[in-house]
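For 162-428, the entry in TrEMBL reads domain 'SAM-dependent MTase RsmB/NOP-type'. Here TrEMBL flags C252, A253, A254, P255, G256, G257, K258, D275, D301, D320 as S-adenosyl-L-methionine binding site. As annotated by TrEMBL, active site, nucleophile applies to C373.
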Amino acid sequence: MNNVRALAAETLYQVVDQGLSLNQVLPAAAAKVAVKEKALLQQLCYGVLRQLPSLEHYCRTLLTKPLKGKQRVFQFLVYVGIYQLQHMRTPAHAAVAETVNALQALQAPGLKGLVNAVLRNFQRQQAELEAAANQVEVCLYNHPGWFIKAVQEAYPEKWQTILAANQQQAPMWLRINQSQYSTDQYLALLTEANIVARKVDGFCDAVLLEKPCDVFSLPGFAEGACSVQDGAAQIAARLMAPQAGERILDACAAPGGKTCHILELADNLAVTALDCDETRLARVQENLSRIGLQAQLLCADAANPDTWWDKETFDKILLDVPCSATGVIRRHPDIKWLRRAADIEQLALLQSSILDKIWPLLKAGGTLVYATCSVLPQENKDQVKAFLARTDDAIHQPLHDLDTHEQPGWQFLPELTDGFYYAKITKRP
């Protein structure tokens, strides 16, 4: 099957109903469509996931009874059709006709009349349907209710900005390999290649592109001159401040952007990059190879050092722990529907355990940088505050004026950058 709308419906069904991540299922679907349709497939999948509560609300009104069981995939096809009518420039008649025709590929031609009627009724009633949906908080903001509440509590002044940012397409940031080019030198190369980009204050290794582009159109990409990495993610290596000759652990390293950045910033480093997922660890090696860097890669569990640690302590440790990924929803909109409120407590327990298990691996006088791509305090400042309270030889190192012992760390919120959190802790000499 190579019908792009049918494939989008099947992909969405796998994510929302079966709990698979978009990264797991989208590549296989994309492999089945023509090159010129890959962008459309991605746009439909990302778009429906961004607008899911609103689309569900419209369907509850327009369908006399919901499609259930094996017919759920056809409900996702209806979402694809409504999304096109509401958010895309596809002519309405084409959006309806192509969506209805996709039922042939899904081997359900008997539903053509139903799907056609639902889409036509949406067109006729669009203004009233949108007004009604906007009275429902989860539809107005297109996030799950538990997450809206959590963000409201954590950021009473900024919660609407955070939710709005999550609904946008993420910008494309580059990290310039300072061992090859200064940021200004690389900007000049981009200008020569007719790629519009700019520097951003506070992000010394970064440039922000005006619009995303194919990585292989970037000057020197294949030779490691630059890497695609969000501005906030680039802060990690700078906080580590690697010095020549140091022994460094990147404890949850995949896909390797931070590992590579650390290696770009100093010579003669002995870096161990650890991850428990062999497939994701292969991504680390791909990135190292492209840039021409070397690290010791270990497929192992950071929470169980007894199985892999050689008993030599590290000068510095980057601990980018498993987290809810609620700071990168704009890049991965499926996170909104794959996460549950109960997951946060479980993740916080895991993070706490990893912190306690990894701490003995740090030298006296050494530095640990704790990192997440979450916006939730339970995983961030609350986690670090609890660790400092129970760990006698842990010393909090403020990263800015508002980074206090009571409110430790540096929280980036999704807007210009992704949502990241950092805290810097040293071990008493």
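Here the Cβ of each residue, glycine as well, is placed from N, Cα and C on the backbone.
Those TrEMBL annotations? Automatic predictions, nothing curated.
Keep in mind that what you see is a predicted model, and the values were worked out from it rather than measured.
The local packing around D301 (S-adenosyl-L-methionine binding site), expressed as other Cβ atoms within 10 Å of its Cβ over all shown chains, amounts to 17. A distance of 19 Å separates the Cα atom of D301 (S-adenosyl-L-methionine binding site) from that of the residue listed as 'active site, nucleophile'. Cα of C373 (active site, nucleophile) to Cα of C252 (S-adenosyl-L-methionine binding site): a distance of 13 Å. G256 (S-adenosyl-L-methionine binding site) falls outside any helix or strand according to DSSP and counts as coil. When the record's S-adenosyl-L-methionine-binding residues C252, A253, A254, P255, G256, G257, K258, D275, D301, D320 are compared pairwise by CA position, the greatest distance found is 19 Å.
The average per-residue pLDDT of the prediction over the domain 'SAM-dependent MTase RsmB/NOP-type' (162-428) is 98, rounded to a whole number. Sequence-distant contacts of K258 (S-adenosyl-L-methionine binding site), defined by Cβ-Cβ distance under 8 angstroms and a gap of at least six in the same chain, are A233, A236, A237, D250, L318, D320, A371.
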